[in-house]
Amino acid sequence: MEISERVRARLAVLSGHLSEGKQDSPAIERWCTSADTSVAPLGSLKGTLTIVDERTGKNYKVPVSDDGTVKAVDFKKIVTGKEDKGLKLYDPGYLNTAPVRSSISYIDGDEGILRYRGYPIEEMAENSTFLEVAYLLMYGNLPSESQLSDWEFAVSQHSAVPQGVLDIIQSMPHDAHPMGVLVSAMSALSIFHPDANPALRGQDIYDSKQVRDKQIIRIIGKAPTIAAAAYLRMAGRPPVLPSGNLPYADNFLYMLDSLGNRSYKPNPRLARVLDILFILHAEHEMNCSTAAARHLASSGVDVYTAVAGAVGALYGPLHGGANEAVLKMLSEIGTVENIPEFIEGVKNRKRKMSGFGHRVYKNYDPRAKVIKNLADEVFSIVGKDPLIEVAVALEKAALSDDYFVKRKLYPNVDFYSGLIYRAMGFPPEFFTVLFAIPRMAGYLSHWKESLDDPDTKIMRPQQVYTGVWLRHYTPVRERIVTDDSKESDKLGQVATSNASRRRLAGSSV
């Protein structure tokens, strides 16, 4: 009996995984399609911006593109004289700067819209799976049945983590923060996969779509395994090998809870909730960590280092720690009766409200609506969290108060997610890891897109220099210390421990 082409493809994927050689599986490229780059027209904004420089009286014309953008470099031609280097755009936090063009996700913060490759996030959460969404983000279109099957199979076959990486995780303290573990392990993968490192194999290595796809599948497959190992390390337990017979979220829960029992199967309803949460967190255009990934990738660094850097950015409490802050806030409020006092404290700027407002959304975060509806499903299985009543009442109070409405402060994705994670038994320090696992799909989509973008250049922002203009070196004995020296210029005093004092009190012969 002749082996079908699809079976051959699967065998090729498995062979490529086992060999870890330079030759990559042809099956990946065959079954993965490229994106449809057509974009629905929103109405052309093309034109010309005329600038009158009142310093010189000169007029300048700056082209405006179809999508309403201007090139920052065009402002360099606006000068006052030969010594002038031209205008720079000062934009702290990149509030109105677009360093890339992307077709991966679309956000309209005023209308509360999030779309993955044109698909509304609500539709994807209701109907799709995380791996299908990851494929969509990566390749631009929803997969066919055979493409999805082969994609899921390939990810499953690359879910095992090198023993050396597991040894690194096991060597860390039991109380090591799991995000620190994830950053370290993801970075270590670069060492264990030198075949995919441009610094070792040449800058053109990622010109091969097969090489790219293999790294994508490796990271998507290994991320939950590393995360599970970090979780188990906190509990003092050894890592559990992934199962090859379970869906993505189910497999993650299996590694957390099976205790090595190969017949264990997680609750399918909880696994589905986690899968939906993964979908909601998979991508969110140029957020801090995704921008970090593209920034690093622009240098030509290997994808593992770029992703590790992105996870490091997500580790920051201003980016990935908001749902933990929400839990702390709700716990401090305690009961529904304390909400009016808390609201007044927020309005008087004596208290801080976490989980409301967003850099982009000036409307209800569409992801928050989906997550709110997931809460009852989780509570029906594991029991109701008493803080959910506080959360619902706080949301109602805020959305009926002109102070918050006028400022367009609405619940964001973090407002309810922490309650769900806690109800599912995850400790607060693990919440950001649950954010990082699915966001790998977004990081990798942007990495892949940047490789194909002809406008990609190594990122090297300008600065506005505010320091001393010029001074000359003075020998140390001739320097004068004045009383008005800036406090920031002085070396901070480092406290000496008693152990150091004991050692210094001794002598050596």
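Backbone N, Cα and C atoms are what each Cβ position is placed from, and that goes for glycine too.
Here Swiss-Prot flags His319 (among others) as active site. Cβ neighbours of His319 (active site) (same chain, under 8 Å, six or more residues apart in sequence): Asn287, Cys288, Ser289, Ala313. In the three-state DSSP scheme, His319 (active site) falls into the helix class.
The annotation active site is assigned in Swiss-Prot to His358 (among others). Within the same chain, the residues at least 6 positions away from His358 (active site) whose Cβ sits under 8 Å from its Cβ are Gly109, Asp365, Tyr410, Asn412, listed in sequence order.
Residues or ranges marked as active site in Swiss-Prot: Asp414 (among others). Asp414 (active site) is surrounded by 25 other CB atoms, counting those within 10 A of its CB over all protein chains shown.
Feature annotation from Swiss-Prot assigns compositional bias 'Basic residues' to 500-509. Sequence-remote contacts of a segment are chain residues at least 6 beyond its ends whose Cβ falls under 8 Å from one of its Cβ atoms, and the compositional bias 'Basic residues' (500-509) has none.
Per Swiss-Prot, region 'Disordered' is recorded for 485-509.
Assigned with DSSP, the residues of the compositional bias 'Basic residues' (500-509) fall into helix, strand and coil as follows: 6 helix, 0 strand, 4 coil. Asp414 (active site) falls within a helical segment according to DSSP.
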